[in-house]
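So that we are looking at the same thing, I have put the structure below in structure tokens.
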Amino acid sequence: MLDKHGRKINYLRVSVTDRCNLRCVYCMPPEGIVKKEHDNIMRYEEIFKVVKSASLLGVNKIRFTGGEPLILKDIDKLIYNTSKINSIKDIAMTTNAILLEDMVEELKKAGLKRVNISLDSLKEDRFKSITRGGDINKVFKSIEKSLSIGMKPIKINTVIMKGINDDEIDDFMNLTKKYPISVRFIELMPIGEGRKLYKDGYISSEEIISKHSDLIPVETEKSSTALLYKFKESKENIGFISPMSCKFCSGCNRVRLTSEGTLKPCLHSEKEVNLKNYVGNNQALLSKINETIYNKPLEHHMIEEKESKSKKMMYQIGG
């Protein structure tokens, strides 16, 4: 369907949990989070009802996120049920891949088509520091397994932070020359824990691109969040997601469902609607989703204000 600004909204990002098996420095506090009561989070049946209703309004792309979606039991069943909705054409997942190696075959059989893997360092000790305990070898094995079963293109999402991992930019770029792997560099955002790092850690996409004159621009869809480039010898592309220096609101095609059941029309807006109040009434649910999508804000103002208006942390919304 179209929002009131004429944008086609066909993409729903679903955070199935706010819990995670890592504690990335820009996402979660070091002590972790307080576990929510079961009644305060969306059950699979409720998530499926929202996905089904959204599909009736023109949503045909679903991405499951977290927290970390793979820590939830039976996530493959939710993917399978979603894949049986005829109008859903693409099901993807964003994961830290710690648990992916042993699950990726079943996930693919269930209907998962693509994975984005959050990976902010290729160095074992640094990865452990950024994630506060993660084992990078599990991620590497998951990538190898995913490639071996034809789960591609695989995209790696990398949040670049000055003084923390910006010396690895070339190493990440070179992955696209060796493997059928896309890399997405994401600007650090002043949201949640990222606020603490933003002043000293922010690097613009433009600064990175300007230092690599051999990058070749690649044509992108209007709704893409990334500006795409590649090297002459690249197997896949290199993307730059630039919410701070070059926002992509004019072509935004997505809304977000949080693990608590709130529908956020914009990642950086404080406006959201609690759909848990409507999942027992199909018509009311459909109407509320329709209303929320239609009233999606024209744009965020994070560039001007240097801070997200969202009151939620990234692990609650889904990155």
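Heads up, residue numbers simply count up from 1 along the chain you see.
Every residue, even glycine, has its Cβ placed from backbone N, Cα and C.
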Which candidate from Arg13, Arg19 does Swiss-Prot annotate alongside Arg63, Thr94, Lys155, Arg254, Val255, Arg256 at the GTP binding site?
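When Swiss-Prot describes the GTP site, the candidate it includes is Arg13.
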For the S-adenosyl-L-methionine site that Swiss-Prot gives with Gly67, Ser118, Met189, which of Tyr26, Tyr44, Tyr229 also belongs there?
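Record source Swiss-Prot; matching candidate: Tyr26.
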Within 10 Å of each Cβ, count the other Cβ atoms, then let me know which of the binding-site residues Cys24, Met189, Cys249, Val255, Cys266 comes out lowest.
Cys249
Once the DSSP letters are reduced so that anything not helix or strand counts as coil, what is Cys249 ([4Fe-4S] cluster 2 binding site)?
helix
Find the shortest Cα-Cα separation between Gly67 (S-adenosyl-L-methionine binding site) and the binding-site residues Cys20, Cys27, Cys249, Val255, and name the residue that gives it.
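So, of the listed binding-site residues, the one sitting closest to Gly67 (S-adenosyl-L-methionine binding site) is Cys20.
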Could you tell me the maximum Cα-Cα distance in Å between the residues recorded as binding S-adenosyl-L-methionine, namely Tyr26, Gly67, Ser118, Met189, rounded to a whole number?
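Between the outermost Cα atoms of Tyr26, Gly67, Ser118, Met189, the distance is 17 Å.
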